[in-house]
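Below is one structure, written out as structure tokens; the observations come after it.
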């Protein structure tokens, strides 16, 4: 039913414009694609194309193309659905300042701090991974190309200075972060696409391999599922993105529409590019090269440089440096945004138990979080902890934070019952598979 107003005719309540209390013309004006939308698409792609993408073809080569295809059939649709549900559960929340406050609004303060802590642990692991990776890799490249005589990473202060610079950039606001990330992310995307295309001339059908027995196929597909998902996963940026849109837009419907649109665009670009890249590398590289890369603990790019001769090898070497550094830097920015938001949620949850909310100095809290993030990242750098060995526990955390918790909210909160359906069952199954995947890998 349409209702007349001084701004025009309000659209039918069954449409997004109607739910937002707007006319169709007002709705079209409100959802216009702008620089902020572009920025969040860029940040999401930057988060997804992290350091792990250079190892994806190795995992696919080890397990076989059939395993990857089955894993993709399960993983990519499920990932799209659970990221969509994650956005919807955040956007529906009456209070949308940070992830723990959203959970608190739905389930109470105790659940908010418990599930917020789980989300926090996931982001701490990635803070460890990316802060250590960017310190060691940048120092290694500077030494390799003769810029420095020794490794700068041997000095603890190199890592401290580097992290301070990255955190300072990340904390200056979205506009600066979007500007810095745009060039790096577009370069990464073009590099990944170019690498996939460059391998087409070396495709061999025998690298497709034979179809393995059903039991082994399913088991290996579940083991490969975390690698498939994390190749284009950007759940770490979804919470800051929704919160940003909610703070900018008066209408929840407009904020939800813009967040979902940014996610859809990023997902589509990532799926086409990364899926082609992984399949192209597998058809060119094959199982034997993947085993060699695994045994030498090197990336697909490094092994490609070994079997590509002539000028192509030099090109792959240069490209690998660009992809590696840009991938780690932009992923660090995305992780830091999520880490800052999660930490703020936990701190505010604790402080509100001790004092009235109006007496809390949020600026002081944010400065404290910056210092905490720097010290946390620096401690990982100084200890040079084998953080990559910790990343396997991220699969169950992704399963819980991205799939099982949003699904539980749908069943628990009456306002979210509208999201029940077959897609929710697929999300739940995927969440359970992510939780058991590490145990199958080591069985």
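Note: Cβ is positioned from N, Cα and C throughout, glycine not excepted.
Marked as topological domain 'Cytoplasmic' by Swiss-Prot: 1-48 (among others).
Taken from Swiss-Prot, the feature topological domain 'Periplasmic' covers 70-110 (among others). Taken through DSSP, the topological domain 'Periplasmic' (70-110) splits into 33 helix, 0 strand, 8 coil.
Residues annotated as topological domain 'Cytoplasmic' in Swiss-Prot: 132-149 (among others). Across the topological domain 'Cytoplasmic' (132-149), DSSP assigns 13 helix, 0 strand, 5 coil.
With a cut-off of 8 Å between Cβ atoms, the residues of this chain six or more beyond the topological domain 'Periplasmic' (171-182) that come close are 35-36, 38-39, 42-43, 46, 244, 330, 333, 337, 340, 366, 370. Residues or ranges marked as topological domain 'Periplasmic' by Swiss-Prot on the basis of sequence analysis: 171-182 (among others).
Residues 64-67, 220, 282-287 of the same chain lie 6+ residues outside the topological domain 'Cytoplasmic' (204-214) yet bring a C-beta within less than 8 angstroms of a C-beta in it. Sequence annotations record features per position, and here Swiss-Prot assigns topological domain 'Cytoplasmic' to 204-214 (among others).
Predicted-model confidence for the topological domain 'Periplasmic' (236-264) is 90, expressed as mean pLDDT. Among the features that Swiss-Prot reports, topological domain 'Periplasmic' is placed at 236-264 (among others), with the record citing sequence analysis.
The annotation topological domain 'Cytoplasmic' is assigned in Swiss-Prot to 286-297 (among others). Under 8 Å from some Cβ of the topological domain 'Cytoplasmic' (286-297) lie the Cβ atoms of residues 57-62, 64, 204, 206-207, 209, 303, 307, all in the same chain and six or more residues away from its ends.
Residues of the topological domain 'Cytoplasmic' (340-367) grouped by DSSP class, helix first, strand second and coil last, total 24 helix, 0 strand, 4 coil. Taken from Swiss-Prot, the feature topological domain 'Cytoplasmic' applies to 340-367 (among others).
For 411-421 (among others), the entry in Swiss-Prot reads topological domain 'Cytoplasmic'.
The transmembrane segment annotation in Swiss-Prot covers 49-69 (among others).
Annotation comment: Swiss-Prot describes 111-131 (among others) as transmembrane segment, evidence class sequence analysis. Only residues 6 or more beyond the boundaries of the transmembrane segment (111-131), in the same chain, are considered here, and those with a CB under 8 A from a CB of the stretch are 50-51, 98-105, 159, 163, 236, 239, 328, 331-332, 335-336, 338-339, 342-343, 345-346, 349-350, 373, 376-378, 380-381, 385, 387-388, 390-391, 393-394, 397-398, 400-401, 405.
Taking Cβ pairs closer than 8 Å, the transmembrane segment (150-170) reaches residues 131, 134-136, 138-140, 142-143, 176-177, 180, 329, 332-333, 336-337, 340, 370, 373-374, 377-378, 381-382 in its own chain, all 6 or more past its ends. Among the features that Swiss-Prot reports, transmembrane segment is placed at 150-170 (among others).
Residues or ranges marked as transmembrane segment in Swiss-Prot (evidence: sequence analysis): 183-203 (among others). Same-chain residues lying 6 or more positions outside the transmembrane segment (183-203) and placing a CB less than 8 Å from one of its CB atoms are 42-43, 45-46, 49, 53, 269, 273-274, 276-277, 279-281, 283-285, 301, 304, 308, 312, 316, 319, 322-323, 326-327, 329-330.
Annotation comment: Swiss-Prot describes 215-235 (among others) as transmembrane segment.
Among the features that Swiss-Prot reports, transmembrane segment is placed at 265-285 (among others).
Swiss-Prot lists 298-318 (among others) with the feature transmembrane segment, giving sequence analysis as the kind of evidence.
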Six or more residues beyond either end and a Cβ under 8 Å away: which residues meet both conditions relative to the transmembrane segment (265-285)?
41, 44-45, 48-49, 53, 56-57, 60-61, 65, 68, 72, 76, 79-80, 83, 189, 192-193, 195-197, 199-200, 202-205, 207-208, 231-232, 234, 300, 303-304, 307
Taking the transmembrane segment (215-235) as reference, which of 49-69, 319-339, 368-388, 422-442 has the most Cβ pairs under 8 angstroms?
49-69
Of the residues in the topological domain 'Periplasmic' (236-264), how many are helix, strand and coil by DSSP?
26 helix, 0 strand, 3 coil
Selection from 49-69, 368-388, 422-442, the stretch that has most Cβ pairs under 8 A to the transmembrane segment (319-339):
49-69
Chain residues in Cβ proximity to the topological domain 'Cytoplasmic' (132-149) (below 8 Å; excluding those fewer than six residues from its ends, i.e. six or more beyond):
51, 158-159, 162-163, 166, 321, 324-325, 328-329, 332, 380-381, 384-385, 387
